[in-house]
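Reviewing the structure listed below.
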């Protein structure tokens, strides 16, 4: 072994003179650049080491390769230096041997990596000030070499290049050395930079581990610049050039192609998906907890509510957070949902919103078409309900909508060619009927099943949560000024059980529990602590919640099914369950503290909103004026106050 590590060339494949060359003559024959996939190159290197008893002089590598495999190395002037590519092979080390430690040879080394241990010992044995200077130099070397062609710089040009780049001299004495080469070969610095070649033609570059860290950083930067935080491998070069600002070249990172670089990225940093010959790259997402999943579902409902007040059910992406804060009276904390970025939260609710890139580079968030159509349907229903004749002429729909909501109704935004096409898509909400004055827009159903279900649940809210059939029909007619038939009640088996033998109507187990939880929270002032809800239920009803009979696994899943009446509010540290404000729309009472929740939240808002007018306003019947609700992304002008009826 000592003999093999002390000679410049392989004595088997380089006989008759080549082995007589000294190390001082080595610079006349530089090693080539090669272009070869790392996996294939690694196999060849290991085969060569096996045939050379585990040790191979670096200088004779091209000759040994040609003789062993009957083919030359794939030399390419634009490729990766052979000496650097050797250091990228796992379980292979490039070492120095010979009497003057100036002969490089390749050696198989399967032992555990001791570089970190040696580096720690070097740090401990040096003074803190010198260690700090050396660590700074390492970072500076990375910054400097990143600006050079293929991250390579002739050793003789290092000092002037350093001076030019950083505007100051590189004094070797500041790092505890007298020679530059000794500094670069020190334990700490050699982990960051690698010296290629011999003599005056030596070149400095970044080590493989440093290059991998650098590529990983740039890869994450590119992925985070994507809306979905993922892309296909064939899309990477274009995305790289757009984000980094220069064309992608794998040689800059010390390997021959993108796939080799991706294989070297540390585990759990990115997700590599190989399928049907294609490769996908994505940033891994942390699994949400059950509570975070529930919060995300309720966030989707909040997004629908917020965007329903915005023109075209859309909003600029950068306006969303302040609009959310203003509308709901509390901050939108992305971490409460298990994410680090708002875009990730939006991506978690693809059945609610989508993100659209605009021509000017801005992004906007908008409801997907089915959600937007539902909002539009409810808006038009609201217009018809407030009209004198419970109908509006079809030709007046655009002007009526503009007057009511403050922006034009555009069929093309809903993928429709005209208003007739648009109304056809809203058949669950409105229909067109013919009259003597022309086509009229009327409600499709006098009462929707959702409305009837909530009304029936309201009538059975109080214990014992059942009524006789005749009493229920009578109370429904008195309370809601509308008749309901037994046939219609039989269409609600998920809400009520009808016992014909006893002539009794009662809530199903799930909606019975919903009624019980409503009463608990109502008596508690409209909100209870999330962790205390089960204890309160047991105290009120002397039994525990039976998740098995309800076919749910946990409280989190139960609450997700009760979003029509319950909402989660607060931060992770203090999570409360509150009654849903929308219960008021069905004449279901809320305690004062709960109904004033938004107002109380806004009192804590640090933003100083405009004061009310100083003078008294006297309204006569003729002076009433309908105005559109304030847009959440439009702050009020100083000194003015908003007024108008409640939002639709």
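Cβ coordinates are placed from backbone N, Cα and C, and glycine is handled just like the others.
According to TrEMBL:
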DOMAIN    133-209  domain 'HTH OST-type'
DOMAIN    211-286  domain 'HTH OST-type'
DOMAIN    295-369  domain 'HTH OST-type'
DOMAIN    372-447  domain 'HTH OST-type'
REGION    594-648  region 'Disordered'
COMPBIAS  629-638  compositional bias 'Pro residues'
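Confidence across the domain 'HTH OST-type' (133-209), taken as the mean pLDDT and rounded to a whole number, stands at 90.
Counting residues of the domain 'HTH OST-type' (372-447) by DSSP class, helix then strand then coil, yields 37 helix, 14 strand, 25 coil.
Counting residues per DSSP class in helix, strand and coil order gives 37 helix, 13 strand, 26 coil for the domain 'HTH OST-type' (211-286). Across the range of the domain 'HTH OST-type' (133-209), the DSSP-based residue counts are 46 helix, 11 strand, 20 coil. Taken through DSSP, the domain 'HTH OST-type' (295-369) splits into 40 helix, 13 strand, 22 coil.
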